[in-house]
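Beneath this line is the structure, given in structure tokens, with notes to follow.
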Amino acid sequence: MDRAVKIVLFSVIFLASQINCQEAILRISNGNTERDYCIVHNHSWTPLSETLDAALQYPLVNLTSTVLCNTSGVNPDLVNGKAVMVMRGDCDFSQKARVAQSLNATALLIASNKALTTPTANDSEYAKVHIPLALMRYRDFLEAQQVFGDVMQAKLYAPPNSKIDASIAVMLLIAIVTIALGGYWSGTCERDRLNGVSGGGGESKADSGELFLYSPLKVVFFVALMCGMLVLMYFFYSVLVYVIIVIFCLASASALFSCFDAVLDLVGCGTGSFSIRNHNFSVRSIILAAVCITIAVVWGVYRNEDRWIWILQDLLGVAFCLNFMKTISLSNFKICVILLSLLLLYDVFFVFITPFFTKNGVSIMVQVALGPDASGEKTQGNMVEVPAEPQAPSEKLPVVMRVPRFSAWAQNLCMMQFSILGYGDIIVPGLLVAYCSRFDVWINSRRKVYFVSCCIAYFLGMILTFAVMLLSGMGQPALLYLVPFTLITCAVVAACRGEMRQFWAGTTYEVLDSSREPLLPEGRTDYSVEGEKC
């Protein structure tokens, strides 16, 4: 009985997640070659088959020399039993459809040089049209003519779009793996530091470039700086976006180098050093630098190519997040609570509150993340608008992971659709995960209780975030769910283990002292590292 209830519940959820979109697919073939093209129809007015196998195939007749507002100049025998392609303009869609019906056409395709909009008509006209009607880009039809000539067979179908897409699972996997690797890396660096592992020259390799946040005042200043930068980006986006792109290229190339270098150290790959004029050079470092710079430059040049560049952006984004989690260290749980709480308020304010103050009703966070002049498909209710011609690419900030929606076949033909996750939704909880990993090192926790617990809490928070997003049909500020999940979980674990005092105080380093010792005498061996400065 329970199994039957679960099956029924799953079926209801799956069916509820299927939505009928206004984008559809036109399959043109000639027996040897076939291609798919984007079309826009009105599902409520002229619904199409949901699968290619169920769609009827019609010969396609080129009548783009006419707008088909009447039957004059059209040979009925040429149109009878066939799908016709006519030009947009001079009369409304319903009149063209009625004329096509009077000529016994089986489907009407309207070629458009303007943006493709969902075809509509007066309420009284809907019942008079009984044949499929859809709009197509005129440039797509010209391309089809070059490929197929005058002999074309057409099928029109509209596969339903599922809200539950495989891209969500891929995005979840990227986030979890990044969080886990970043936390593990931070803990490993802390262990090496305490053991005094040196990278040469007396300086611990794990210490290089590391920044500690130990003052609540610095945390407040950091969050205020983020607020100011976001507001500046909102008002001066067209200029600052290029500054951010250049900074991202430099920072991500450096981060990718650090990640690859750490992996090669882990597998024991040699450096292959050589010297020129008393200067030592590493062959491995030179090759790695060339590879990382090349990847960053390729992304910078082709950053607006949606079809494949998202792979490089995600690769650079993962490296950037990992390096950030390893480089920025929070000294204790108190700092974690202050930082994550302030960033939660920051996220909620700029997502939910700012739409009440902006002219277009769009939140500052969304406007900055997606770009104020972002071209592409625009939707409002049941209406859709797809550009008829290629648009000049609009610059977008490289601050999100992007994965294309795999099930949105028709939508991707019209304009690539992506699931996105901001870097901040990985980095901010990741700083807490990294602190938990370091705390496990300080107390010699072999099972890494805090690290594992925080990773599980992050995973559950992400699941809740995606669930709310699917149920509400709108994007969510992930920190609204991730921050409570991770903070409360860590606090409960520390309280249950009787280590809340140590976990809250963490490790404090004297700013001007030449030595630093974690102030955690309980449960671990004391280490002393000389010659290191905070």
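Keep in mind that glycine also has a Cβ here, set from the backbone N, Cα and C atoms.
TrEMBL: automatically predicted annotations, no manual curation.
Feature annotations, courtesy of TrEMBL:
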- 57-140: domain 'PA' (DOMAIN)
- 1-21: signal peptide (SIGNAL)
- 166-185: transmembrane segment (TRANSMEM)
- 219-237: transmembrane segment (TRANSMEM)
- 243-269: transmembrane segment (TRANSMEM)
- 281-302: transmembrane segment (TRANSMEM)
- 337-357: transmembrane segment (TRANSMEM)
- 415-437: transmembrane segment (TRANSMEM)
- 449-472: transmembrane segment (TRANSMEM)
- 478-496: transmembrane segment (TRANSMEM)
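Note: the stretches the transmembrane segment (478-496) and the transmembrane segment (166-185) are not in contact (fewer than 3 CB pairs below 8 A, sequence gap of 6 or more). Sequence-distant contacts of the transmembrane segment (243-269) (same chain, at least 6 residues past either end, Cβ-Cβ under 8 Å): 185, 233, 284-285, 288-289, 291-293, 295-297, 299-300, 303, 315-317, 319-320, 322-324, 326, 395, 397-399. Within its own chain, the transmembrane segment (166-185) is flanked in space by residues 262, 314, 318, 321-322, 324-326, 401, 403-407, 418-419, 421, 425-426, 429-430, 433-434, 436-437, 451, 454-455, 458-459, 462-463, 466, which lie at least six positions past its ends and keep a Cβ under 8 Å from the stretch. Applying DSSP to the domain 'PA' (57-140) sorts its residues as follows: 21 helix, 25 strand, 38 coil.
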